[in-house]
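> One structure follows; several queries about it will come next.
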2 protein chains.
Amino acid sequence: MSERGDTAEPLLKGDDADEAIAAAAESRHDEDDRLKPEFVSAVLDAVEEGDAERARDLVSPLHPADIADLLELTPADRRGEVAAALGDLVGAEVLSELNDYVRDDLIGDLAPEQVAEFASELDTDDAVAMIEDMEEADQQAVLDALDPEDRAAIESALSYPEESAGRLMQRDLVAVPEHMTVGQVIDYLRDNGDLTRDFWEIYVVDAKHRPIGYCQLSWILTCPRAIAMADLMKREQTLIPVDMDQEEVALRFQKYALISAAVVDGGGRLVGMITVDDVVHIISEEAGEDILRLSGAGEGDINEPILMTVRARLIWLVVNLGTAMLAASVVGLFEGTIERFAMLAALMGIVSGMGGNAGTQTLAVVVRALATNQLTSSNTARMIGREFRIAATNGATLGTLIGIGSYIIYGRIDLSLVFGAAIVTNNLVAGLAGVLVPITLERNNVDPAVSSAVFVTMMTDSLGFFSFLGLATLFLR
Amino acid sequence: MSERGDTAEPLLKGDDADEAIAAAAESRHDEDDRLKPEFVSAVLDAVEEGDAERARDLVSPLHPADIADLLELTPADRRGEVAAALGDLVGAEVLSELNDYVRDDLIGDLAPEQVAEFASELDTDDAVAMIEDMEEADQQAVLDALDPEDRAAIESALSYPEESAGRLMQRDLVAVPEHMTVGQVIDYLRDNGDLTRDFWEIYVVDAKHRPIGYCQLSWILTCPRAIAMADLMKREQTLIPVDMDQEEVALRFQKYALISAAVVDGGGRLVGMITVDDVVHIISEEAGEDILRLSGAGEGDINEPILMTVRARLIWLVVNLGTAMLAASVVGLFEGTIERFAMLAALMGIVSGMGGNAGTQTLAVVVRALATNQLTSSNTARMIGREFRIAATNGATLGTLIGIGSYIIYGRIDLSLVFGAAIVTNNLVAGLAGVLVPITLERNNVDPAVSSAVFVTMMTDSLGFFSFLGLATLFLR
């Protein structure tokens, strides 16, 4: 028990935390809380040698989230074998923590009855996540194998659009009428505690089951029994419409620092509850996916089948091939000038490259600001002005620097002036395109993270070449 | 009261929700939960006309997070005036929701006593966030103005490193010895309910105040009074070391789906508690900042003073100027070839551009996988193999496409073969650099999101030009 206070290891087993297990525990995670490669190898070796018992001994102290990590870190072609050796250690909770592709792969081999058994152990939202991507026939077989109550709950969730609040919510919640007292609520909970164990707030509803307030459990526990719920509850409440998109749900949880929220149908009736632990991974995903979209990397899921990844990235590369050809055709207009001054071919890439970098900087900022609702129509004009000033300042600085530098190297004042002027021009193009393109796309309901980069690169490349080679054609003698 | 069930509007006022307020409420937010520009203008106009009362009437139904949004959407030079007109509507909670720069700007004008009064109304973590960025003298003045208890709590938090668990945690928490029963805990909470109102779990500690288990409030509420805490509590518990970096804290909350967690010092003693609402914005920030770092946009905070933004972006552009000059010098090596075949100048940008795009795709995926702890030493080799296969497939496809396309346009088989081969080569360079560079940086404790893009672009540009122009020099006649 002496190791309990060990701060280097997050998951401390109480009952059996003797020195040996503590030492083993220490060798499981690295300082960043990831499973160590030695630990993963040890489990894989045990499975390979047919020693399932040793594999299970190693794995059994792990949290379900860590067992899921272990399966993800296992090579795809050995996952089935490892999962089989671990037996019931790979339970419903582990499946609900698994990456979608890895889970679909694993449960693809199971009988519908087994999947149904896992689903019945989970909250509705986790059960839905597990079966929503199955083929329709397989999904139907699982639903048929469920008991009627679970089946009704899951079918009802599946009736809402994908990625909506209706899919995220759980149906098990505590709702009480406002005339109840704190004491009556506690007695009610003691009598009905088997309904649900994980809740953080209870809802107060009117006769039509519409939420009229909520109450944190801590308020109930710190109040005398005689207090009426009507006096204790907070009436100002963030309600989630059942058809709201999960991204909006996540932003709302974040903005109002919610722990849980009531979900209501079109008639304002309480139909479910969403808790923050179901939203946290959406917040992280939504915030992280912009970088993947902006770079055209598709989903960017490292467990995605490789052909899907190839296809997603190739589409983006072919689209960008189009913009590169456009830029090349701009250069082609000036072949005569390039034949006369071959150094232009070397320098023109600096003009387009600097513009590309500046445009990407602006794009990244604007796409994030749009995604986090910080950039709205109220401050769009200010944002454009801000980016224009930044582009002008950086363009002037770089243009001067490059003008002077190229004069030192080539000793031609005409070339330096053309070069500097092209850099300033392309920085302004980059800054304005970087802010105007994503805002325009967003206004037209096109995801700016997906489509902006193509347009901005097209402009900084083509106009960078055009301004530099055009000015050179006019002024270089 | 009939509007209570309105699902379009998240914040429903209960007591005074008559038709008029409901209508006004509807005009405040757009469908994405952002304040409408008309609403913002209405408030600003009222302030400008000196009608502070109208401004307060408009703003008073808002949630503190929305009042903070309103101030952020107000032009910087009018924020002081608007805050003054709103008076006590801009309270401690609003300040704690504000963007750092906007808050620092606003509280810069306040007397230390006023700041201290705001700080004393907040949880320790929010108070610390408010004053941690102040100049040392100003901070000291605020601390001097606090009452001794608040001051001690804040000073203790400030003694931990910035962005550590010690700064995030709150000191108000509920800890009980394991021999207590559920009934005794409830009685204790009723007697001491003024200590803290926002908690979701209570901790069970041993005689040395080391946490030995935790208990969700819902478990207490659903159990008979006679049950002992020792039997109810869960001993497997995720503890947070007080000096852990906030990014790790956020990942741990996410991985184990925590609502709150005990913070322990080096001796394993319970010193504080972190709740998920304090972590949610970190999860979002950490996930979102990779896109900003990868593009060299600095913090990417749209409220940052413009000179700081210019400086951050300019540094990045100058670094990239270096790589662009290197690429230009590669082109310079082949000026003779370009003079003979001017179309190469137009086409070489396609080779470098396609490589740049493919490299950015891989980088984005790898940087995200590293940040989310999905890519560890256990699956690095597999990841490299995966990216190599993707690069080979996409390179072969694009190389063939471009080879055939250029044959149709130029009718030169030698040029098409050189072009296609260069595209394949540069795609492989891009894929391998895109995965090896960030992994190598991470292993050497350099943030891959900040530094990877420079190296990868340098390689795809320089080697793209080198392979294309080099092959052309060898084989074009």
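A Cβ is built for glycine as well, from the same backbone N, Cα and C atoms used for every other residue.
Positions annotated as region 'Disordered' by TrEMBL: A:1-36. Feature annotation from TrEMBL assigns compositional bias 'Basic and acidic residues' to A:1-15, A:26-36. Residues annotated as domain 'CBS' in TrEMBL: A:233-291. Feature annotation from TrEMBL assigns transmembrane segment to A:314-334, A:341-370, A:390-410, A:417-441, A:453-476.
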> Give me the stretch from A:314-334, A:390-410, A:417-441, A:453-476 with the greatest number of Cβ pairs under 8 Å to the transmembrane segment (A:341-370).
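The stretch with the most close Cβ contacts to the transmembrane segment (A:341-370) is A:417-441.
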> In the compositional bias 'Basic and acidic residues' (A:26-36), how many residues does DSSP call helix, how many strand, and how many coil?
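The compositional bias 'Basic and acidic residues' (A:26-36) comes out at 1 helix, 2 strand, 8 coil.
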> Counting only pairs 6 or more apart in sequence, are there at least 3 Cβ pairs under 8 Å between the transmembrane segment (A:453-476) and the transmembrane segment (A:390-410)?
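No, the stretches stay apart by this measure.
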> Which bits of the chain, at least 6 residues beyond where the transmembrane segment (A:314-334) starts or stops, bring a Cβ under 8 A of a Cβ in it?
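Here the qualifying positions are 296-298, 344, 348, 352, 454, 457-458, 461-462, 465-466, 469-470, 472-473.
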> May I ask for the residues of the chain that lie six or more residues beyond the transmembrane segment (A:390-410) and have a Cβ under 8 Å from a Cβ within it?
343, 347, 350, 354, 358, 362, 416-417, 419-421, 423-428, 430-432
> Kindly report the helix/strand/coil residue split of the domain 'CBS' (A:233-291) according to DSSP, in that order.
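Helix, strand and coil residues of the domain 'CBS' (A:233-291) number 26 helix, 18 strand, 15 coil.
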> Taking every residue in the domain 'CBS' (A:233-291), what is their average pLDDT?
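That stretch averages a pLDDT of 91.
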